[in-house]
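A.B. asks: Below is a structure I'd like to ask you about.
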Amino acid sequence: MIINMNTYMIPNYSQQVSAGGSPVRKGIYSTLGILSFIYLTVTIILFYKRRQRIADIRYRPLRLTIFNSIAIIMLCVMFCFRSGFYPMEYPCFLIHWPSYIGFFLVCASITCRAIVFIWVARYHMAKLRISLMPESNTIPISPMTPFTPVHDRMGNTGNPAARLLRQLKKWKKNATDIWMTQRILYPTIAIAFLLAFIFQITSPDLSLIPMRTECPIGSEHIPVFIILSLFLFIICPILIYLLYNIRDAYGLRNELMVTLIVGSFSFIMFFIWEYSASGLRLYFGSFMFPWVTLILSHTLSITIPVWKSYKYSFDISKLASFHDKRISRSKKYEQFEKVLADPDLFKLYKACAVACFCTELILFLEEYQFLKMLVAKCCTPTKKSLFPPPPTPKLHVSDDIHITFNEENLFIKESSILPPLSPASYISTPCTKSIVETVSAASWIPFPYELRTDYRMFYDSYLDLNSDLAINFSGSIVNTVKNLIANDQFELSMYENAREETLTLLYVNTFEKFLRMFESEIRSKKIFDN
């Protein structure tokens, strides 16, 4: 076949292709480029619009994800058209600008996303470790109650977990979406633009008039090669090492691992294909290796979450804002309560809560058990009997069960009347049962003065927005408790609404994942058989 050289933009184009090969290649890669642009653009728009319905959106840095997708769009479209018009029919400046902005932005955004995720995972693990490390001078209370209140451990300078949490807390403001975007991505984009502009006006290979389509390797490629080399051979191994032992319930760690590992392999294949397989490049462009990686990365981080938002179409924000009575009556919710009531499965649930980044929810329930124990100690003179309802509210119960009633002192001492109180006798109900359900006297007995510090610390730990363990409760719950404390009107049941909302949040955000993560352990316990 005789190829008419006049049909090409460059008269010295000398590489021969098989019959119809060049037009077919142009058509295939051009179509692929257009479809890539449509696919990437539509999915990122849907991701942004449906972000409130994506279950794990809190742990997907929105700005970093969007900038990463913009870079992927630029690179994937350039990869396709460059491969279709290879070797000397695609303008060099259309390779130059997407390469600088795209590669710089992709490497920076993926690195920042991984750093934010690693920090979040380690921060939640550190919070869990605090509850698992008992103090040497404390007595175990029950399998589901911490040895000492969590707020006491967090303030203990000798606790390794507390030290780790404080170290991680120093980086809390830095490991955020907005900080990474403003301090890392924006400077990276500015540097990429500056370098691209400098080489654009200084390199003859990037001239627009006449437009250059023969693009040899030159000094203008050095910054891109440097950033890719740093990312592939230094940053990627470090991030893979830090991600390796992390376990999360959303699959975010797996997304990043796939992106880093497959990305490293694809860019290595790109360089091998580009400089060692010149004949094969006419049929399969070397840029298609990174194209596959970027499309895969976008699919994992954007498309699949969007698809799940349609498949699981309930609105989590509305469902988790109050204790849904329909949920509490469901069979699955009854299974959830059985799991929390089992000491062994409760320990596994703590691991699931960490994997779901809901550590503060499970710690809230543990700390609530501690409060329940204190109330039982103050309000229950024997293991089974309760005080009779008083004729007047003037009642005070001290630490040693010293009761003052109607200006008369009634002394009930453990040594004379009660059997020795073991820690297990203070509490006999799981965290799904309230303080009033456990100790009926708590519904009418005045608030014991000696419990105020513990109740105030409970608020400081879980309802104060500045706390490391703060839970995103509804405003009405926080304001109600805050007003009770401010007016010095403590009530033994003042945290019941917070407990119910915590159970709902834990159920909605973690229970399905718990059933999948520990299916064999649950089956062996046979707690769902009845």
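Sequential numbering from 1, following the chain as shown.
Just so it is clear, glycine is given a Cβ too, placed from its N, Cα and C backbone atoms.
TrEMBL: automatically predicted annotations, no manual curation.
As listed in TrEMBL for this protein:
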TRANSMEM  28-48  transmembrane segment
TRANSMEM  69-88  transmembrane segment
TRANSMEM  100-121  transmembrane segment
TRANSMEM  184-202  transmembrane segment
TRANSMEM  222-244  transmembrane segment
TRANSMEM  256-276  transmembrane segment
TRANSMEM  288-307  transmembrane segment
DOMAIN    456-516  domain 'RGS'
A.B. asks: Relative to the transmembrane segment (69-88), which of 28-48, 184-202, 256-276 accounts for the most Cβ pairs at distances under 8 Å?
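C.D. replies: Stretch with the highest Cβ contact count: 28-48.
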A.B. asks: Under a Cβ pair cut-off of under 8 Å, which of the recorded stretches 184-202, 256-276, 288-307 contacts the transmembrane segment (28-48) most often?
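C.D. replies: It is 288-307, which has the most Cβ pairs under 8 Å.
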A.B. asks: Under an 8 Å Cβ to Cβ limit, what residues of the same chain, 6 or more beyond the ends of the transmembrane segment (184-202), are close to it?
C.D. replies: 63-64, 67, 93, 96-97, 100-101, 104-105, 108-109, 112, 219-220, 223
A.B. asks: Within the domain 'RGS' (456-516), how many residues are helix, strand or coil going by DSSP?
C.D. replies: 40 helix, 0 strand, 21 coil
